[in-house]
Amino acid sequence: MGQLLQQEIFKFRHQRLAWLAPVILVLLQAGLAMTAHGVSVSDQKFYVSSAYGGFQWLTILIIVIGASCVTMEFEYGTIKQLAIQVNHRWTIFVGKYVLVLGYSVLLHGVVILMTLLLKGSSGRNCSWQNIYLYHQSLLTNLVTNAALDMYGGVMIVGLVFLLASCSHNSAAAIAIGVGVCFVGEGVSSLLLQSFKSLLPVMKWNPFNMFFLQEEYGNPSYQQNVTHLTIQQLGVGNLVWALFFVGVGAVIFSRRRI
Amino acid sequence: MQRIQESMVRVVGLRKTFGRRTVLHDVNFEFSAGKIVGLVGPNGAGKTTIMKALLGLLATDAGNIRILSQPVSVTTHTVVTQQVGALIERPAIYPFLSGWQHLQLITNSVAQMKWVVQVFQMEHYIYRPAKRYSLGMKQKLGIAMALVNRPRLVILDEPMNGLDPQSVKRLRHLIVQLAREGTTFLISSHILSELEKIIDTVILIDQGQVLLQRTMAQFQESARQSLMIRTMENARALRVLLQADYPVIQRGSDLIVSKPVALTPLLHILLDAHIQILKVNQYQEDLETVLLRLLAERKA
């Protein structure tokens, strides 16, 4: 597994997107920080705690990277070379999953660092020590948001990997991945509102788990949208992540090459 | 003392179906270490499927594969990971990596990488991104990747695809040289004239079945020989030879004797009849002709 992971890192760091993603993130965060110039202190706190939209952009980038990471092996025909090197093909899948999660952690670090810099230049009228949600400081809110986003990414990447394993080209996998992850939230809340009698079961649907980080930023979501506590969403995310990775690994292993 | 040859590959009763279509029927063959084996047959005969099964890339429905006496399946192919290099269908190439980086993915030995780059004369483009490679360059890189670890068994599926004649010649020499040093090769190719120059054994596949496995020496024995004679008076020469019970026919301006015969008595007969001989050529069927004949005979 170690050698496989090393190979994946080697390939990944030679891809343009690996170096371009942090630059794109930084530019998008800076762009939003510029529009947030002169807003009220309360809004500034929101922008800072959400890393100037960095977490949302990061999710899109991770979906793109995750989907292409899996499908490229089938597109380039390199899966055969990889499969010869290992006894169990699922180890390739898990290796890639670990790589993308690791890269997600790295990007979250970049997002936090950039938020610190942007806050220093454009959000001087609110302090890091200011109390924001849950009677915690703004800095704690930012770090907690980042941690929850990373944690939520475990399921999102798992779902994207599962979809990519069924797909024949990266463009389709990316489109479906982005679509499912962003439309999924809407579909989930619509279902929960429409089928109230099925709520006890339906609230555990995987799309509802996407609200983990948003519920932290908007505590009212528990009553109005998800009908689950943060802790329940956390457990749900983990269980669905394991399910997606497990099913994805089986599909990946059995795919004809 | 007789040298016992180690069995490199042993395939017994291999069967594979895709849906309702059976692509391999009870495939059996075996070859020993240090051999160059040609796997030949028409398109869709099952050559690539056999190669994939040998590499543990394909689950089979029945049968047993052993490489160096170790079992090979989709979930158990440690021997493949350690002792086998392969190029299957098309080179496994990432467009964003250079040729050198591809080799780095496979081995840590810089000496081995330099050796393979030099052997295939890839020095002037090895550091360029592979997306800028031509078909032939990619093919050479694919073969280089199969060889760089100096595996004991090398499986090459259509290795001559896209290579220029000079590269084909260089590859041929390299394969023969490595085989002398103990490497075993299993090669499939449609360019039978090239394959014929290097292989020791041929395995003929058609419709998922092994039609025959023969050494090249056995093959040459079974290849038909014929004699072509051109004279100043072909009609009279034909009559004279038929009278002497030679199996001869006239084809265009030549007389064809369709069985191997002793040349001197035949020439004596013609010379005694005062027939002037213009040309005599002896032909032996090549691999391609023999294989096509065998396939046609099977269909008939």
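If you go along the chain as it appears here, the first residue is 1 and each next one adds 1.
Cβ coordinates are placed from backbone N, Cα and C, and glycine is handled just like the others.
Keep in mind that what you see is a predicted model, and the values were worked out from it rather than measured.
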Where TrEMBL places transmembrane segment among the ranges A:8-30, A:54-76: A:54-76
Leading stretch by Cβ pairs under 8 Å, where the reference is the transmembrane segment (A:233-252) and the options are A:54-76, A:138-164, A:171-192: A:138-164
Outside the transmembrane segment (A:171-192), six or more residues from its ends: residues with CB under 8 Å to it: 59-60, 63-64, 66-68, 70-71, 156, 159-160, 163-164, 199, 202-203, 205-208, 210-211, 214, 225-227
